[in-house]
Structures are given as C-alpha cells and as structure tokens.
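Colleague: As annotated by Swiss-Prot, region 'S100A10-binding site' applies to 2-24. What Swiss-Prot records for SER2 is N-acetylserine, and it gives experimental evidence as the kind of evidence. Residues or ranges marked as phosphotyrosine by Swiss-Prot: TYR24, TYR199. Taken from Swiss-Prot, the feature repeat 'Annexin 1' covers 33-104, and the record attributes it to sequence analysis. For LYS49, LYS152, LYS227, the entry in Swiss-Prot reads N6-acetyllysine, with the evidence type similarity to another entry. Here Swiss-Prot flags 105-176 as repeat 'Annexin 2'. Residues or ranges marked as repeat 'Annexin 3' in Swiss-Prot (evidence: sequence analysis): 189-261. What Swiss-Prot records for 265-336 is repeat 'Annexin 4', and it gives sequence analysis as the kind of evidence.
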Amino acid sequence: MSTVHEILCKLSLEGDHSTPASAYGSVKAYTNFDAERDALNIETAIKTKGVDEVTIVNILTNRSNEQRQDIAFAYQRRTKKELASALKSALSGHLETVILGLLKTPAQYDASELKASMKGLGTDEDSLIEIICSRTNQELQEINRVYKEMYKTDLEKDIISDTSGDFRKLMVALAKGRRAEDGSVIDYELIDQDARDLYDAGVKRKGTDVPKWISIMTERSVCHLQKVFERYKSYSPYDMLESIKKEVKGDLENAFLNLVQCIQNKPLYFADRLYDSMKGKGTRDKVLIXIMVSRSEVDMLKIRSEFKRKYGKSLYNYIQQDTKGDYQKALLYLCGGDD
C-alpha cells in the first residue's frame, strides 16, 4: 500500500518526465510568429520620439525565449546593430533590466546573475544561493558551460574566491550539478539511514558535522530527500528547517534553508521569495525581476497557484499594487494572468 506522499512523489516525477516544464510556464511560443516583422516593429518603436515602450514590451514578453533569439538575429541582420545594445540605449530603469534579461538564454541569464552576485566588493549571497540551490543538474551543467564561455573562467573558481568555510563547500558541491537523478526505485533503507545520519550529525550531538549534511543534501535525488526529511521527524524533535536554524548560522544557515525549501516544494519556495520581495514598504525589485524572468517559461503557473493558496491574493494582484508603468505591464505579462 503506497502512502499519499509516495504517490504524489511518483506523480511529480512522472509529471516532470512526461510533461515538459514549459507546460507550467506562463509564457508560451507565439503562434503566428514572424521574426522579421517583430524586428521591424521593434526597430520602429526604438526610433519613435520618446520610444514606444508599449510595443517593445508587448512583443518581447509574449514570445518564447527561442523566438526572442530569432528576433535578435533578424534585428541584427536588418540594422547591423545588436538588439540588446539598441534596447539598452532606448530604455532605462527596471524596465530595461527586465527586457535585457528576456533577451538572454536561460543559462546566459543565470550565468550573468551569478557573475553580478560575485563582482566587486562583497557578495550578493541571496542571488548566489537562490540560483545554485534551485536549478536542476541539467540547468547547472549548462550554466557552468555558458559561464566559462562568457567569462573565460570557471564558475567554481569564482565561487571559491568569493566565499569561505562550509558555505563555500556547500555552494561548490551544489554548483557541480551532480545530484542523483530521481529513480523509480524507492530505497527505504537508505532513506532511514540518511534521516538518522542527518539527526546524528546535528541535533543529537554537540556541534554539527556539516560535511555529513552537505554530502547527503547535495548528492541524493530530490524525491529521495523529500522522504528523508519526512522520516527525519521520527528521529528529531525538530523538523529539518528548525534543526538548521538551531545548528548553523549566517550564510550557511541561509543556504541550507533555501536548499531544503527548494527540495520540499520549489514553486512554493519561489512564491515565498516573491511575497518577501513585495511585502511591507518598498519593493526588492532585483529579486522580483530575477524570478519573473527566470521562471516565466518553467513553472510560473505552479508558483502562481502556491502564491494564491498561501497568501490569499494573486501574484498578479500583488505586482499590480507594487509596481507601475511599462515595468508593471512587463511583469504582468510574464505573470500571465490573474488567479
């Protein structure tokens, strides 16, 4: 007799294999796509006195990433100029950030966000943690390849020179993208062993055996770890998130918390990040933009439903209240609708 959790886990696995991720994206390929026509319309919009931002937003937020690459190619053929640099000159502020982000491939976007998080003085640990903890093996391997292509250095090298201690070890291990893939066989003995090892390495003893935590949480498959965290509760008086808060501090604590939340429910993790970026006074636009751009073709529909379920109001509604102008329009198109 399978438990509900196993059935859900199996469904989510099968779902992930049989349903392309884009099925949960809010941005789909445009049906009557014509790259030449789009390139011409964007060229006209850029040349318009005062710049016709509405046309630029309408076109680029309603095309798939692949289609945007075709538009950029057609634009360069037409004008002998790069679309990205033409738009950089024509736009400004948060809208510019969104539009330039949409022109990059997903791996280029992640690579450039990672580079920016480690450039200059200080590290933007939040961005580094979010990307490294939430991307799949395949995505991470592609990011590593593109990062080297773009910056002529290894992502791992940059992480090593920009971080330290156990936090560095965790980031380096995750960035390799070598986690076991979800299999169809459930190994109950290993689930139990891992749960006990996590408990023995942390809450049960004085001090924390961080390398043990790192090896289990970066090497096992997502589905396996979901079961491990469930099982963990039968050994520990605290769940995994509470244990992390008790055992480690600083960037390491932050990274483990992000990682466990991503493993437990990735769309909910992003829904929480989006909520945090807009709650209270002011908006953390950097976080908001990065998620809206990077998840729009991956799992935005799932993120929206988790957001509505947890916060009682739609993501669309929150964005409407928190942003304005063509920047708002661009984000709402990426959101893909109200719930």
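Keep in mind that glycine also has a Cβ here, set from the backbone N, Cα and C atoms.
A description of the local structural setting of each listed feature is requested, covering burial, neighbours and distances.
Modeller: A helical conformation is recorded for TYR24 (phosphotyrosine) in the three-state DSSP classification.
Following the DSSP three-state reduction, the secondary structure of LYS49 (N6-acetyllysine) is coil.
Under DSSP, residues within the repeat 'Annexin 2' (105-176) fall into helix, strand and coil as 57 helix, 0 strand, 15 coil.
Listed in sequence order, there are no same-chain residues at least 6 apart in sequence whose CB falls under 8 Å from the CB of LYS152 (N6-acetyllysine).
Within the model, the repeat 'Annexin 3' (189-261) carries an average pLDDT of 98.
Listed in sequence order, the residues of the same chain lying 6 or more apart from TYR199 (phosphotyrosine) and placing their CB within less than 8 Å of its CB are TYR232, TYR235, SER236, SER243.
Within 10 Å of the C-beta of LYS227 (N6-acetyllysine) there are 23 other C-beta atoms, taking all protein chains into account.
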Colleague: For the modified residues TYR24, LYS49, work out the Cβ neighbour count at 10 Å and name the residue with the minimum.
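Modeller: Among the modified residues TYR24, LYS49, the lowest count of other Cβ atoms within 10 Å belongs to LYS49.
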Colleague: Could you state the whole-number distance in Å separating the C-alpha atoms of LYS227 (N6-acetyllysine) and TYR24 (phosphotyrosine)?
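Modeller: Cα of LYS227 (N6-acetyllysine) to Cα of TYR24 (phosphotyrosine) measures 24 Å after rounding.
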Colleague: Under DSSP, is LYS227 (N6-acetyllysine) helix, strand or coil?
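Modeller: Once the DSSP labels are grouped into three classes, LYS227 (N6-acetyllysine) ends up as helix.
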